[in-house]
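Quick look at what TrEMBL annotates:
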- 7-28: transmembrane segment (TRANSMEM)
- 34-55: transmembrane segment (TRANSMEM)
- 67-88: transmembrane segment (TRANSMEM)
- 108-132: transmembrane segment (TRANSMEM)
Amino acid sequence: MLQRLSLWDRAAGALALAALPLHVWMLVAHAHGLLLGAAIGAMVLACTVCGVHVLRGTSGCRALQQLQAMAVLMVLAHAVMTAGLPGVGLGGGGHDHAGRGDVVGNALAADGAMLMIMGVELAVAMCAGLALSRRRRLGLG
C-alpha cells in the first residue's frame with residue numbers, strides 16, 4: 001500500500017541514503033578489522049534497504065522503526081569508537097611506532113569524521129521519530 005510521504009518521511013529516508021557514501025568512505029579510508037568491517041557493511045546494507053522502503057512509502061511504519069533503531073545503534077557505536085575504549089575505535093586507545101605520520105592528527109581527523117556521521121545519524125533518528133509520531137497522530141500506523 002502506497003502512502004503519501006510527509007516531510008519527515010522524506011527527510012529520514014534521504015538522510016539515511018545521503019549517509020551511505022560517508023560510511024563507505026570511512027570503511028575504505030580507515031583501517032578496520034574484519035569483524036568491524038563486516039558489521040559496518042551489514043549496517044550500510046540495512047540502512048540502504050530501509051531508506052529505499054521509506055522513500056517508496058511501501059512498508060508503513062516498519063521501515064521507519066528499523067531505520068530509527070539502526071540510526072540510534074550507529075550513534076552509540078560511533079560514540080564508543082570515538083571514546084577510544086581499549087581495543088575499540090580510534091580515540092587514543094593505543095600508540096603507533098610504525099612512522100606513518102602524525103598519529104594525533106590522524107586520530108583527530110577520524111574522530112571528527114565520526115562526529116559528523118553521528119550528527120547525520122542523530123538527524124535520521126529524529127526525522128524517523130517525528131514521522132512515526134505524525135503517523136500515530138493521524139492514525140496511519
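In case you wondered, yes, glycine gets a Cβ from its N, Cα and C as well.
Panel annotation: around the transmembrane segment (34-55), residues 5, 9-10, 12-14, 16-17, 19-20, 23-24, 26-27, 63-64, 66-67, 70-71, 73-74, 128, 131 of the same chain, lying at least six beyond its termini, place a Cβ under 8 Å from a Cβ of the stretch. Within its own chain, the transmembrane segment (7-28) is flanked in space by residues 37, 40-41, 43-44, 47-48, 50-52, 54-55, 57, 64, 67-68, 71, 113-114, 116-117, 120-121, 123-124, 127-128, 130-131, 134, which lie at least six positions past its ends and keep a Cβ under 8 Å from the stretch.
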